[in-house]
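Reading through the structure tokens given below for one structure.
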Protein chains: 2
Amino acid sequence: MKRVGLLGCGAIGTEIAHAIDSGKISAKLTHIYDFSKENSKKLVDSLTAKPIITENVGLLAASPVDMIIEAASQDAVRDDILTILQNRKDVMIMSVGALLDESILDIVLDGCEHFNKKVYLPSGAIVGLDGIRAVQDELDSVTLVTTKHPKALKGAKFFESYKIDPDNITSPTVLYQGSAQEAVRLFPANINVAALLSLAGLGSQKTQVKIVADPKTDKNTHEIQAEGKFGKFAIKVENVPSPSNPKTSRLATLAAIECLKKICGTSLNIGT
Amino acid sequence: MKRVGLLGCGAIGTEIAHAIDSGKISAKLTHIYDFSKENSKKLVDSLTAKPIITENVGLLAASPVDMIIEAASQDAVRDDILTILQNRKDVMIMSVGALLDESILDIVLDGCEHFNKKVYLPSGAIVGLDGIRAVQDELDSVTLVTTKHPKALKGAKFFESYKIDPDNITSPTVLYQGSAQEAVRLFPANINVAALLSLAGLGSQKTQVKIVADPKTDKNTHEIQAEGKFGKFAIKVENVPSPSNPKTSRLATLAAIECLKKICGTSLNIGT
């Protein structure tokens, strides 16, 4: 049975830890770290099989685990991914947006090759990455349309530059249309989905993104269109927000749990 | 580098072998078998790195490879999967329709667990299995609508029972609507897609399938609708037929190559 370490004991880390603790994932959570000791302790208290709280990330990376789950932040990916790979641990990354920074992506790719390790990125709040990866070499275009309630977009850099007040949007409004690269600068909350799609497909410069504010929706909706020699994909995902953290979609947590189940299982692996 | 054996040297097996031979997949194809010696020889002749042709499936299963790719037939899965797992090889199965037979599925699941091996099923001619698996526990419904040219459906058992002549279909016509289980009996050519969707989601009795004959289409189209507590997926895949084998979609071959790339690589794994 795989031994797993957890970096980050917030809402998503806690849900993953509980999925392991309940036996849903065939693994043992043996070591955890969060920069907030309180978060770590709260998590340990809620688990039947108690993991060890390490003093720092370095000790988590050096602990006797087979893989580490990053559920902390983009900064954690930036600062700690190399240490983890150097300690010869596989990694599952939740804050995939960090990999849109090419210097971080290079560290990950080089680290995987050099230390013979794997880095896993669950599908997050979208579906169909199995297909996008398969046709990557013959894609002509990939477009993402994200529709959210204006409230869910509040605080984005976009509103500083464009002087639109999200509270005054009364009908579905296209706020942005352009490259994924620029989209994640203006709407950082959308970064994981844009990063996954860019990495699986055409990269962040060629992936087109449209952001729509719809005051009548209670879902986070992502529509993906992809075309090429193989044919066409049209994918629409309407996500219910996660009950424990309304900023993320329930699907993102479920995808992480499923990804881990697949990594840790010795059984049928369904899907590319 | 992983050593790979190939069972079945037809159109798809040959395309996978060429993907390995060209270096697209980081693996070595060392042993192959096909019940037609001619097929095997033709394949060996077309490759730069020549694999050994084994005398029978048993010898392929016992050969010093890490995994075996089944690209032969449902019969091959039925007859040989246990031997392969007993010989402690991982397997990638192309003829996934065979797993709709519960006795075969049980052999695969037990074999994986008992011999600590993995069986991989690429996503075939559909996308989004990453998502379906992730929400499996909270799915309320899964529906598949397959639309093909009447020619592409010709020869199906359905036409024996229902006395419709596919040549006389002049406008889009719903031929079948019901369970996936019954659909694969009446339209065996649709079996892989229905099997993948059933295995990832609600099983073949609860997965709903509709088959439409459209004399105006030149694509094989699959539409998937899935609903549950997580929200909703709507996926539409318009597939160009494979140039080397018009009965399969180009995407199915690309998905197999990508699946193998993921299994054999030590790098970034994008998607659940």
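Glycine is treated like the rest: Cβ placed from N, Cα and C.
These numbers come from a predicted model, not from an experiment.
According to TrEMBL, the protein carries these features:
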type	residues	note
DOMAIN	A:8-121	domain 'Aspartate/homoserine dehydrogenase NAD-binding'
BINDING	A:A125, A:N192	NAD(+) binding site
DOMAIN	A:169-257	domain 'Aspartate dehydrogenase'
ACT_SITE	A:H222	active site
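Sequence-distant contacts (6 or more apart, same chain, Cβ under 8 Å) of A:H222 (active site) comprise A:A125, A:I126, A:L144, A:V145, A:T146, A:V193, A:I235, A:K236, A:V237, A:N239.
Cβ neighbours of A:N192 (NAD(+) binding site) (same chain, under 8 Å, six or more residues apart in sequence): A:M94, A:S95, A:V96, A:G97, A:G124, A:A125, A:A252. In three-state terms derived from DSSP, the residue listed as 'active site' belongs to an extended strand segment. For the domain 'Aspartate/homoserine dehydrogenase NAD-binding' (A:8-121), the number of residues in each DSSP class (helix H, G, I; strand E, B; coil) is 59 helix, 20 strand, 35 coil.
Take the CB of A:A125 (NAD(+) binding site) and look out to 10 A: across all protein chains shown you find 27 other CB atoms.
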